[in-house]
Every structure is written in structure tokens, then in C-alpha cells.
Amino acid sequence: MSNWLVDKLIPSIMRSEVKKSSVPEGLWHKCPSCEAVLYRPELEKTLDVCPKCNHHMRIGARARIDIFLDAEGRAELGADLEPVDRLKFRDGKKYKDRLTAAQKQTGEKDALISMSGTLLGMPVVVSAFEFSFMGGSMGAIVGERFVRAANYALEKRCPMICFSASGGARMQEALISLMQMAKTSAVLARLREEGIPFISVLTDPVYGGVSASLAMLGDVIVAEPKALVGFAGPRVIEQTVREKLPEGFQRSEFLLEHGAIDMIISRQELRPRLGNLLAQLMGLPTPEFVAAPVEPIVVPPAPANL
């Protein structure tokens, strides 16, 4: 073996490997909006909101519930329910195989998690969509878990909050999935009759059968900044009407301007503002919100090759 190979090339390769392995995977994240390279521990402190441009990144259902509810006294509702391939549906892949893959990827049985707990000491029930599970699509189990959460709210006479993030009805369940639109709408009508508040929080994105049912039936409809909300996607609409859509069409700011939603609240403010709003709706004293102390984080230099 030549001296050049031993003295120059091999040490160079070894240094390169050491350099690569010295940066743990997942420690850095690039903002999809401004492309700033963000330190993961720092990003967690801001609840996955970019500190540079305020872009609200998508987060999972459990993470969303964790940052919203009080830490103590939580209980999951309908956790035992699992989807069934009743129609033996197959497109390019068997539905049961898609379910298995989604369950393995997310660790969840289906695309909605419902949980009872407290918000600033006030009893509430929360549902949150897991968009990573087949695009947060609504099938029989999603509908049933939502209904169980609403029935819990009826039984305990406590407010209900739902965080929507969905592509719509689950096509693999055909009419069974479409039936969930009526099923969830019916139970929300019961909440309204009983005077129990339901707050719908729209997160990026909300489309199809979910936007055409439960997501737009809140007594108060809230959205995160720049969330995409609609029935069909902008591209489909442009191809149908053969016109260029306005800038920002289907963004939450556009919907607020045109009266389709009530307010836009940033993720960091959801707990105190919704807690205050629900207390007013329930005739309760304004809850005290104490922000958790933020410890300073030493941010190391970002890798150049991210």
C-alpha cells in the first residue's frame, strides 16, 4: 500500500467519519419556512414554533395534548378501540397493510386521541388529530373516539376542545367514513343544546370531510397562524374555476378576514387564552396562568452541511 494512501487518504476519511458521528441525529432542524437551522432543545422550548419567522411547525397529537393540558389527572378515552378493515378495501395496497404501517410509524392505533384532564385547573376533555397517521383521515374509530369525548363532556358538563389536522374522510372506509361527518355533527348538536362549550382549533392542515363537519362547528373557532383550511386544495379549485386564487387563499389569516373563523392564536398563547375564554363561557373565575420558568440554553454552532 502506498505511503500516500496510508498517510493522507485514510486519516482524512477517519476524521470525516468522526466529524459526522459527533453530531447526533435529530439535534438540528431546518425551518421549512425561513430555512433557519434551529437547535432542537431550543425549538422544544418554543413549542415547535420557529423563533426566527414564527412558522408553526406540525406536531403530533400527543405532543399537542402534552403542551395544552395540565400535567396531572389525565385519562385517555377510547384507547382500546382499533380500526377494522370491514370492506377488505384495496387500492395500490391493502387497507390493513396501510393501517399496520401507520401504526408502526406513529405508535398510535388510529388518527385521533381523546383525553380528559384539566386546563389551568378547570376540567376539560380534549381531542387531537394525528396527521402522521394516514393524513389524519377520519374513519370509524376517529369518529367513535370523538363521540366518546363529547359524551364525556356531556356527562361531566365540562368544555370540549378539538385540535384538527386532517386531510378529510378516509377513502378506504368509503361510506363508513362519510357517516362520521353526520355522527360527529350530531353529538356536537347535543353539546350545543346542553350549553356546553366546544372550541375548535384549526391547525395546519384541515381539509375535506373534517373541515366540512366537526372542525367548523365550534362555538368558537380558533386557528393557528398560517394554517391551511379548506374543503378542496387550492390546485383543485384553480383547475375547476380556471382562475388564479387570491394570495394567501385558505390560510387562517384569509379566513379571519372573511369571517370564517373567530380568532388566530399562536401556539404559546393557547393555554392562557383558551383557559380564560372557557372560564368566561362556563361562568367560572378567571384562572391563574403561571408560565413555566425558561432556563437558558447554550446553543452550539450549527453544522454547515445540514
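Just so it is clear, glycine is given a Cβ too, placed from its N, Cα and C backbone atoms.
Listed in Swiss-Prot:
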BINDING   Cys31, Cys34, Cys50, Cys53  Zn(2+) binding site
DOMAIN    27-296  domain 'CoA carboxyltransferase N-terminal'
ZN_FING   31-53  zinc finger
When you measure from the Cβ of Cys31 (Zn(2+) binding site), how many other Cβ atoms are you left with inside 10 Å?
18
Mind checking how the zinc finger (31-53) divides into helix, strand and coil residues in DSSP?
6 helix, 4 strand, 13 coil
Mean pLDDT for the zinc finger (31-53), rounded to an integer?
95
List the residues of the same chain that sit at least 6 positions away from Cys34 (Zn(2+) binding site) in sequence and have their Cβ under 8 Å from its Cβ, in sequence order, or write 'none'.
Cys50, Lys52, Cys53, His55
Within 8 Å of the Cβ centroid of the Zn(2+) site residues Cys31, Cys34, Cys50, Cys53, which other residues of the same chain have their Cβ?
Pro32, Ser33, Glu35, Ala36, Leu38, Pro51, Lys52, Asn54, His55
Hey, which of the binding-site residues Cys50, Cys53 is the loneliest by Cβ count within 10 Å?
Cys53
